[in-house]
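Beneath this line is the structure, given in structure tokens, with notes to follow.
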Amino acid sequence: MTKLATICYIDNGCELLLMHRNKKPNDVHEGKWISVGGKLEKGESPDECARREIFEETHLIVKQMDFKGIITFPDFTPGHDWYTYVFKVRDFEGRLISDKDSREGTLEWVPYNQVLTKPTWEGDYEIFKWILDDAPFFSAKFVYQEQKLVDKHVIFYEK
């Protein structure tokens with residue numbers, strides 16, 4: 001079965017907004033520091049999903065964002081191949097949701113030089129580097145087995 005989702009990196013110029021997934025029961029991401037995002041709803045475009053998920057999880061309103069790439073995660077959850085649209089947001093407004101109102105985890109602005117020190121999925125360290133380095137548009141595939149990265153490849157598309 002196919003699952004479509006967005007991954008959204010929010011950048012304030014010196015930090016990325018990450019979520020420490022520490023609130024949701026039976027969460028595949030439990031304990032990890034990840035970007036915000038989520039599953040596309042019926043009839044929703046990736047752009048609409050990204051904007052909705054960012055608002056729901058952070059209360060920030062996206063003014064402009066860049067479509068950075070697509071990542072495939074075959075069989076990431078049992079029986080589900082995940083296809084994720086990756087966005088980077090630099091232009092936003094609003095006030096960050098309070099910790100008590102956040103349902104999935106604790107949000108934190110993480111300085112660029114500390115992003116790679118946070119515990120997360122092995123492949124996410126690669127994505128963090130691409131986002132921080134403003135890499136060209138990419139198509140990637142990360143294969144996990146029992147939460148371990150066992151294969152990966154990426155193609156960057158130069159402008």
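Yeah, the Cβs are placed from backbone N, Cα and C, and that goes for glycine too.
When the candidates GLY38, GLY43, GLY69 are compared with the Mg(2+) site entry in Swiss-Prot, which names GLU53, GLU56, GLU57, the shared residue is GLY38. In sequence order, ALA5, THR6, CYS49, GLU53, GLU56, GLU57 constitute the residues six or more apart from GLY38 (Mg(2+) binding site) in its chain with CB-CB distances below 8 Å. In sequence order, VAL36, GLY37, ARG52, ILE54, PHE55, THR58 are the residues of the same chain, not among GLY38, GLU53, GLU56, GLU57, whose CB sits within 8 A of the CB centroid for the Mg(2+) site.
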